[in-house]
Every structure is written in C-alpha cells, then in structure tokens.
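Take a look at the structure set out below.
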Amino acid sequence: MLRAQRLRLARLRACVSRGLHHKPVMALRREDVNAWERRAPLAPKHIKGITKLGYKVLIQPSNRRAIHDKEYVRAGGILQEDITEACLILGVKRPPEEKLMSKKTYAFFSHTIKAQEANMSLLDEVLKQEIRLIDYEKMVDHRGSRIVAFGHWAGVAGMINILHGMGLRLLALGHHTPFMHLGMAHNYRNSSQAVQAVRDAGYEISLGLMPKSIGPLTFVFTGTGNVSKGAQEVFNELPCEYVEPHELKEVSKTGDLRKVYGTVLSRHHHLVRKTDGVYDPVEYEKYPERYISRFNADIAPYTTCLINGIYWEQNTPRLLTRQDAQSLLVPVKSSVVPVEGCPELPHKLVAICDISADTGGSIDFMTECTTIERPFCMYDADQHIIHDSVEGSGILMCSIDNLPAQLPIEATEYFGDMLYPYVEEMLLSDASQPLESQNFSPVVRDAVITSNGLLTDKYKYIQKLRESRERIQFLSMSTKKKVLVLGSGYVSGPVLEYLSRGNNIEITLGSDMTNQMQQLSKKYDINTVNVTVGKQEDKLQSLVESQDLVISLLPYVLHPVVAKACIDSKVNMVTASYITPAMKELEKSVDDAGITVIGELGLDPGLDHMLAMETIDKAKDLGATIESYVSYCGGLPAPEHSDNPLRYKFSWSPVGVLMNIMQPASYLLNGKVVNVTGGVSFLNSVTPMDYFPGLNLEGYPNRDSTKYAEIYGISSAHTLLRGTLRYKGYSKALNGFVKLGLINRETYPALRPEANPLTWKQLLCDLVGISRSSSCEKLKEVVFTKLGGDSTQLEAAEWLGLLGDEQVPQAESIVDAFSKHLVSKLSYGPEEKDMIVMRDSFGIRHPSGHLENKTIDLVVYGDFNGFSAMAKTVGLPTAMAAKMLLDGEIETKGLMGPFSKEIYGPILERIKAEGIVFNTQSTIKL
C-alpha cells in the first residue's frame, strides 16, 4: 500500500514539475486566534523530512508557538512573515478571515461541517477567495475512523485537569486530599512532569491518606478510543484497580481506600433495547433510537468522577439528562453518625470531565464549554444553573474544548506523525485547477470541504443546515409569541416543558385548578390565570384576543366554547381531542375567520393518524393501493402495576373511558360493514390479540372506523378498523358493571348533595331491585344472578367494595359517582408507571401484484417521577404542532386534523428525538 502511494506521488510530482518552474512551497502559519494555542500541525522533524524531498517550507514567526522558531529553522524551514509564495498553508485552528489568501490550499480544523454559526463567515470568505479547504477532522480511513487527531493528548490533559479540580472541590466540601498537590496540565513543562506529580499523589493515597468519610473513589471512562486511552494513561499512575461496571456498586461502598477504582464503559454495558432490555450492536448501529441508556441508574449512582470521551449523535441515547442529575444530587442517607470535621460527601458524583466538549450532547446539561483560563464550573441541577465557584451545591464540570493546547509540544509531535504521510500530496494540490483533476488519495479528497469557490459534493449539505439554522434564528429573534394553554391536567406538563425550551414564547396557563397551576408554575416560566371555561365567557374572550395561539387541553365538550372565542379573535388553536360534530359545525366560521384550528393531535387520535397517512402516502407514491388497515391502541398500566380486576388504572377522570363501551361502533371487514351496539353486547366484539403475547392483550372496535376510508383516501380498502387495546379481563369486568347499571349517565337524584348519603351496598340494592335492608349474603346472591352467574365479575365488584358500606361519592349520575370511586381505588401510585401500546397493520398491494403486510409498533413507558407515557404521547405532538404554527411551518387555514404531510412529516421526525420511536416490519407475499 505504501509502495502504491509512493508511485502515485512520484507520478504527481512529475506532472506538477512539468507545469511549474519551481517546486510547490508550503507554509506553516502562526496561530493567532486563541491566546492558548501554542501547537503547530507539524514538528521540526516533519519539516526536515519535507525539505529533504526538495520542497521549500516557510515558517511564520511566532513567540507563542511552544516549539521555538530556531528548531524549525534548524530543520530546514525558512523563517519569514510573508507566506504568499506558498500554495499549501497549514495551521491548527482557523486563520483570521482578513488574512486568507485566494486560490491557495489551506488545511486546518475549520469547525464548519455542522454549519457552526461562529465559523460561517469564515466559510463564506473561503468560498469567495476560491480556497481549497482541507479539514483535518474529515481525514478518515475506510471505516470512518479519524486518521489525524489530538484525541490522545486531550485525554491526558483532561485527566490531569479533573484530578486538580477534584482536589479543589473536595477541599470545598471539607476534605484535604493528595489531589491538592496537582496543577492544571499546562503548569507542567511536559507530560512526564505531570505524571510524576500524579505518581506522588498516588503514593500518598497508597499510604492511606485519603479521608475515610468520603469513601472509595471511582472513575468511569466512557468510550475506548484515543481520548479514553489518553485519560487512562494518567489514571494508571495512581494506585488503581479496574473493575467491571457491574462491580462498581460494591467497590464504591466497600473498596480499599488505599487505591482508586476505574471502569471502562462500552456500549453493551449501558445500552439496552427499549422493548426487551437486550443490546444488539448491529441493530444499534442502524436504529439507535430503539435503545435507551441505563447509565443513569446502573453506573452513575456509584461514580465519583465521570470522564466522558464520546460524542452524541442525533437519535442516540444520552448518558445523563438534567432529570438524571437531579436524582444523582439527592443526599445519600447514611447509617453512620456524622462527625462535624469529617463530613461525608453530599452525593457520590463529584465531578464530570467532558473531554468531548460536545455541548448539549451525551451530557445534556453541559451547555457551554469551560476554558483554560476558567476551567471549572458547577452545575446545580435543582436550579438548572451553572456557577463558577467550586463551592455550593452541584457537580464539578470541566469541558475545555482545546485541551491538547495545554501540552503543546507533545501534541504537535503526535499530530504531525499522523499528518506527515499525507502532506506531500496536499502540497502538490493546485487550488486553481478543478478538484477532479487532482490525484488525491481518498483520505485527502474526502476531507476537501471547498474547492474552486464551491462546497464540494460531499459537503453541500452545509448550506441547507445554514439556511435551516438562520431561519430558526430569525424566528427566535422576533417578538415573543404568546400562547394560552387551557387546562392543567396530566397532558399539560409535556406541553409546557416543550414550549419552554426556547426563550421566544410567553406562556399563560389558564385553569380553575389552582393547586395544579401553582405546581406547574414552579417548574416552568409561565404566567397563570384562574378561569373556568364554559362559565366565564367574557374572561375567556379577553384572554384569547391577546394571544397568538390557544392550546385547549380541556375535556372535549369544552373545545367548541374555546374555538368560538378563537374565531371571534382570529387566533389559531390546537387540541389533542377528536374533531367532534360540535366542532365540525364551526368549520365555515373557522374558514371565514382565516385561522387554523387543528384537532386530533394526541396519540389516539393523533400519532395513529400520522403514521397511517405517512404509510398511505408513501404507498400511493409507489403506485400501490391499501387493501386493509387495522389500528389498535391503548393506554395501560405497566404490567407490574396491572394486578387488579380491571387490569387497568386511571390517571384522569374515567368517565370517558367507561362511556366509550356504551357507544356503538362500526368497521369494515372483508368488504362488509360490521355494526357493534354498545352496552352489554359490546363484549361480543372483543378479540384476543396475538401480538405482544407477553402482555396478554385484547381489543375492541372504537367508534365509526368506516369514515376513515374517505378521510385517509383509501376507498380501496376491504378492511378498515380502529380499536382500543386492554389487558385481557378488562372488557369482562366492565361488562359486569354494565349489567349492574353502574355505567349510566342519566341524572340520579339520590346522589345529589341535598340527598341523604348512600352506601355502595344500598345503591346496589336499589339497582338490583331488593330492599336496602337486605343482608350482604342476599345482595351477593342477587348480584351473582344479575351477572349471569359470572364469578369473575362478582369478584371484581367485591374487590372494588361495591357490596360494602363505603359511602358513594356525590354526583349527578351513577357513572359519575362510579368514576370518582374508581379514581380512589385505581389511580397510579407515586412509584407506578403506565405504558402505551399501539399497532398499525397495513395490507399494501403493489403494482407488481405482491402483497406487503406492514406493521408499525409503538411501545412507550412512563418515567418514574417524570411524565407518564400517555402524557408524553398526547402532549408532545400537540406541543410540536403548536410550535409549527407559531413558526409558520403550517400555513394552511381551516379546521383540520394531522392528515397532511405538512403536519405529520415534521412531527413524526421530531418525536423520535423525544424517545418516542416506532418499530416497522414488513413481509411480502408473492
């Protein structure tokens, strides 16, 4: 391979020499953007090699450069200020724009490949000057691994810095440690001196001089690349023992204080598939969004110092979020009586050294890099603030983005060794000629960002990124948009959280639930106003007219009231609920007002519509037709929390859920319309589900599915069904309540406040037609008969206390009272979580005649002490649509659901970043 490269370079030299009177000239420019940048891309030994090949090398004078100018001159370089003679100019960091020279080849770290805003003016000047820009960051091998990088020395310097920082932080917490004798990496002449200081600290540790009350120190290294290896190289100079990640918990409590413990974390140690907790490396590379990280629960609680060397990619799990940090900063309970002068650590995690310096990356709350001048900051997760002092509450953070500059001589030699084999072909580059005419190796060719005044084909995406970012910036700079959120129930949390991420939206929360509003206002920067929609029409109107958008999270019966106020004030509106007939009646008024009202933006309806339309539209683009569409969706308790007769729990009023089974439903099956009457007979339509067998699900049709043939544009379908999922046993239990007359919406005077209180036993006696004075055994016997001798249904009634002496809640109707009772019995506890399960099934007939059976699955779990699965999957798409309306991404006017690509496309893409990820599978039948 080397022989082939030499032959290619020899031919290139001959070709260039025929066209030029002199050999190409290379220049090493001085670094003049950052005061700490003392590195160079090549060391004197590399200059010597280049001059031996007969090339002229110019060295710009620099007193800042760590390697003296004399060393470069001794190696054959020519020291001079003017480098206009050079055709190749090498540097480490970006040059000032005014010093760029046209039609030259430059090589440096441009930091433009992600359309970084700070360097876009540089990129513009590079294009204007028709410069050929080679970016070291994109010099990669056939596996995509970087060939030239400073990563090793970033790891070395970062580790030295964080040990110094831990000394300061532990002192602030009341502990002198051997780390106090360590300095910042740049305080040492070279790494050998730093290593000796680390060894000295290690010797003191081995003598048992670490404070006993802080316990064993544990260091976790993420990644196995050069950064991690460089950090471990320093760590190994301490008296250390490496353990497996699963051993970390034990050693963090009982380890030897005369040593420190380390663990190297790879993907398989903390990444697991959301559905089954297994890690598949091949699948992860393709579908990282299917995985979550267990680092926050399995590793971080037993980590003293995290050394992070991995970059975060979109759709991949983060190591730590703000919520994780909050839980990690909870004080550790100890059985040991504290001694005032020998305190225990307030929490295990003391420090994070984020060598990746990837803001908003795998460490979500690392939003700004620190600097060599100010290397440390403290992150207070509870307040979500960063402060410079090493004192107070929080995690010590070090995230310097130019760490190798602290050890400039060794970093220069290391980097130059990797770059040197490619310098000659870069030197033979003629920036005035088309890129295609250059005989570059793939390593160099694929690192060319610009040439001949244009972005190269591989990097044209940068312009699109720029345009997208500039558009977002323009919108954020404009006047704050005003949003009124009506309703403070379970969905409001994710909506408020999502809309609060930027600083360009002023949110007002309106509700008649004062306590809920107060709790939400503590978490989010919002205004609150007490309003009862449906009873305070004038107040609602005055609130709406000052807004840019209204989000209604109220019960669906109140949406028309809100919509009328929006129509009168010409204000856009979104909601998660169904577009009911009452809303449909307002369609012309919405059109006349010239506003946009979007409904059905939640989960079901909502995400189910969006997935259906995306699949249908893609099929139509291929000339295929939809022969069948079946969608089932359900909000359920997590399996471990489903142990009750209904196999169900409620996070909001159960009235809607209960009344759903009383409604008729219709669907299309093999070309025939099937009508289902609600009430007692609905049990006949319940079907056991054969997918997700571990969940033991059943399903039943929901409302009128046949209308979606027109809405979805799939009149070709012979089967069309939308249904509800529940755990097996739910429908049977509810069927028993229907038989007993408990799901009845008619007014029941005996339950009104002015009536005498009733017990459930008395009410049930009334419902089954026996005297209230009847014995419990008599009531049980009559109820059993009423239930058709179904012992399971009887047990459900008994479990809920319906045959006992507990008082019936006051209400307008029996079902309202029953709902209140169910809330008291079957609400989620503080340590319980829910889940949502959805499956969409399509039969797609392709033009070839083949039938594709396609399924789309969604399973989402609620978060402990966070948002429920239902709240996330309903609230987030609603909030996203609201944001799209505010940002002008949705321009269509009128009353609509999320059936157009304009709406569903961005939402389905953005929802993935929130951890709501769909799994798609297809099989083809010939």
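Cβ from N, Cα, C; glycine included.
Marked as NAD(+) binding site by Swiss-Prot on the basis of similarity to another entry: Ser488, Asp512, Gln516, Leu554, Ala576, Ser577, Leu603, Asp604, Pro605. A C-beta separation below 8 Å, combined with a sequence spacing of at least six in one chain, links Pro605 (NAD(+) binding site) to Ser577, Tyr578, Gly599, Gly897.
Counting every protein chain shown, 23 other Cβ atoms lie within 10 Å of the Cβ of Ser577 (L-saccharopine binding site). The L-saccharopine binding site annotation in Swiss-Prot covers Ser577, Tyr578, Asp604, Arg703, Thr724, Leu725, Arg726, and the record cites similarity to another entry as its basis.
According to Swiss-Prot, the N6-acetyllysine annotation covers Lys48 (among others), on the basis of similarity to another entry. Lys48 (N6-acetyllysine) has a Cβ environment of 16 other Cβ atoms inside 10 Å.
Under the three-state DSSP scheme, Lys56 (N6-acetyllysine) falls in the strand class. Swiss-Prot lists Lys56 (among others) with the feature N6-acetyllysine.
DSSP classifies Lys93 (N6-acetyllysine) as coil under the three-state reduction. For Lys93 (N6-acetyllysine), the count of additional Cβ atoms within 10 Å of its Cβ stands at 17 [all protein chains shown]. Here Swiss-Prot flags Lys93 (among others) as N6-acetyllysine, drawing on similarity to another entry.
Look at Swiss-Prot and you will find Lys128 (among others) tagged as N6-acetyllysine. Other Cβ atoms within 10 Å of the Cβ of Lys128 (N6-acetyllysine) number 12 in total over all chains.
According to its DSSP assignment, Lys138 (N6-acetyllysine) is helical. The Cβ of Lys138 (N6-acetyllysine) has 20 other Cβ atoms within 10 Å, all protein chains considered. Feature annotation from Swiss-Prot assigns N6-acetyllysine to Lys138 (among others).
Swiss-Prot lists Lys274 (among others) with the feature N6-succinyllysine, giving similarity to another entry as the kind of evidence. Around the Cβ of Lys274 (N6-succinyllysine), the same chain contributes Arg290, Tyr291, Ile292, Val859, Tyr861, Val917, each under 8 angstroms and 6 or more positions distant in sequence. Secondary structure at Lys274 (N6-succinyllysine), taken from DSSP and collapsed to helix, strand or coil, is coil.
Take the CB of Lys286 (N6-acetyllysine) and look out to 10 A: across all protein chains shown you find 9 other CB atoms. The N6-acetyllysine feature in Swiss-Prot is assigned to Lys286 (among others).
Annotation for Lys458 (N6-succinyllysine): same-chain Cβ neighbours under 8 Å, separated by at least 6 residues, are Asp446. Swiss-Prot lists Lys458 (among others) with the feature N6-succinyllysine, giving similarity to another entry as the kind of evidence.
The feature N6-succinyllysine is assigned by Swiss-Prot to Lys523 (among others), with similarity to another entry given as support. DSSP classifies Lys523 (N6-succinyllysine) as helix under the three-state reduction.
DSSP assigns Lys584 (N6-succinyllysine) to a helix in the three-state reduction. Per Swiss-Prot, the feature N6-succinyllysine maps to Lys584 (among others).
Cβ neighbours within 10 Å of Lys707 (N6-acetyllysine), excluding its own Cβ and spanning all shown chains: 12. The N6-acetyllysine annotation in Swiss-Prot covers Lys707 (among others) and rests on similarity to another entry.
Taking Cβ-Cβ distances under 8 Å and a sequence separation of 6 or more, the neighbours of Lys732 (N6-succinyllysine) in its chain are Leu683, Asp790, Thr792, Gln793. Positions annotated as N6-succinyllysine by Swiss-Prot, on the basis of similarity to another entry: Lys732 (among others).
Here Swiss-Prot flags 28-455 as region 'Lysine-ketoglutarate reductase'.
When averaged over the region 'Saccharopine dehydrogenase' (477-926), pLDDT in the model lands at 90. What Swiss-Prot lists as region 'Saccharopine dehydrogenase' is 477-926.
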If I take the alpha carbons of Ser488 (NAD(+) binding site) and Lys707 (N6-acetyllysine), what is the distance between them in whole Å?
32
Closest of the recorded positions to Lys707 (N6-acetyllysine), Cα to Cα, picking from Lys48, Lys128, Lys286, Lys584, Leu603?
Lys584
Across all chains shown, how many C-beta atoms besides its own are within 10 angstroms of the C-beta of Lys523 (N6-succinyllysine)?
11
Whole-number Å distance between the CA of Lys286 (N6-acetyllysine) and the CA of Gln516 (NAD(+) binding site)?
42
Grab the L-saccharopine binding residues from the record (Ser577, Tyr578, Asp604, Arg703, Thr724, Leu725, Arg726) and give me their largest CA-CA distance in Å.
20
Nearest to Thr724 (L-saccharopine binding site) by Cα, among Lys48, Lys128, Ala576, Lys584 (recorded positions)?
Ala576
Looking at the recorded positions Lys48, Arg703, Arg726, whose Cα is closest in space to that of Lys138 (N6-acetyllysine)?
Lys48
Taking DSSP as the reference, which of helix, strand or coil describes Arg726 (L-saccharopine binding site)?
strand
At the level of the C-alpha atoms, what whole-angstrom distance separates Asp604 (L-saccharopine binding site) and Ala576 (NAD(+) binding site)?
9
